[in-house]
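Engineer: Just dropping this structure here.
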Amino acid sequence: MNIHLDKYGQGMPLVLFHGWGFDSQIWQPIIPYLKPKYQIILVDLPGFGLTPMMDWESFKKNLLDQLPDKFALAGWSMGGLYATRLAIEEPARVQYLINITSSPRFISDIDWPGVAEEVFVNFYNNLSKDINKTLKEFISLQLNKMKCDFKIGNPPSPEGLAFGLEILGTWDFREQLKQISIPTVYLFGRLDPITPVKTMAIMEKNYPNFKYVLFNRAAHMPFLSHTDLFITIMDEFIK
């Protein structure tokens, strides 16, 4: 099973993982800003876009077979969980890790800010009733009244949506994150309702070796709402 990739530009390989409900087309508005410096590699995650459903191990093997030996890796939201796991398990391949409004754990608990578990349970339960309505509600939550130009791309499969929600609800890399020694940056939006800005303060304390950037006026999509600042941060981070 092949992972669907799209490639643009030349230079340092930069692999981009999208978030839940979208496919790799979400990155299209920023490709013109990135491709003069990087070889952009857009990836459709399992069950999204043109990539079929598959488990983590199958995804990792197939993806690494198609990627350069070394690359920078950026993940947005759910894509940040995929990116973090790949960086933990394949440190010889991943040179830089960029997590965009992502977190090592998305569900809140007594000492960790995040989304209440019942929110994901409701999204999961509503998928079987009305996929389009559920997607629109999730997109509205991400935007938090911000205006962004984005492309939905190919409709996600029901299996991909369900698997993605399972990942958002169960993957937890807070302990394994301490293993990461490659250059790593976390980007947060102060108005983000999904990855709360409170997460940043906790992570700065627990993982002081990472870099942190706060977009004061951004919600969950800073790469689209504040593209110029996002590109500047990327260029300064990836040497």
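Cβ coordinates come from backbone N, Cα and C, glycine included.
These numbers come from a predicted model, not from an experiment.
Feature list, courtesy of Swiss-Prot:
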- W20, S77, M78, F138, I139, S140, L141, Q142, H220: substrate binding site (BINDING)
- S77: active site, nucleophile (ACT_SITE)
- D192: active site (ACT_SITE)
- H220: active site (ACT_SITE)
Engineer: Taking the Cβ of M78 (substrate binding site) as the centre, how many other Cβ atoms fall within a 10 Å radius?
Structural biologist: 24
Engineer: Could you find out if DSSP has W20 (substrate binding site) as helix, strand or coil?
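Structural biologist: SS state of W20 (substrate binding site) = coil.
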Engineer: State the Cα to Cα distance, in Å, between H220 (substrate binding site) and D192 (active site), rounded to an integer.
Structural biologist: 5
Engineer: Out of W20, S77, M78, point to the one nearest D192 (active site) in space (Cα versus Cα); all of them are recorded positions in the record.
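Structural biologist: Out of the listed candidates, the nearest Cα belongs to S77.
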Engineer: May I ask you to report the DSSP-based helix, strand or coil state of M78 (substrate binding site)?
Structural biologist: helix
Engineer: Validating a neighbour-count step here. Other CB atoms within 10 A of the CB of S77 (active site, nucleophile): how many?
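Structural biologist: A count of 27.
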Engineer: Determine the Cβ neighbour count for D192 (active site): the number of other Cβ atoms within 10 Å of its Cβ.
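Structural biologist: Its Cβ shell of radius 10 Å holds 24 other Cβ atoms.
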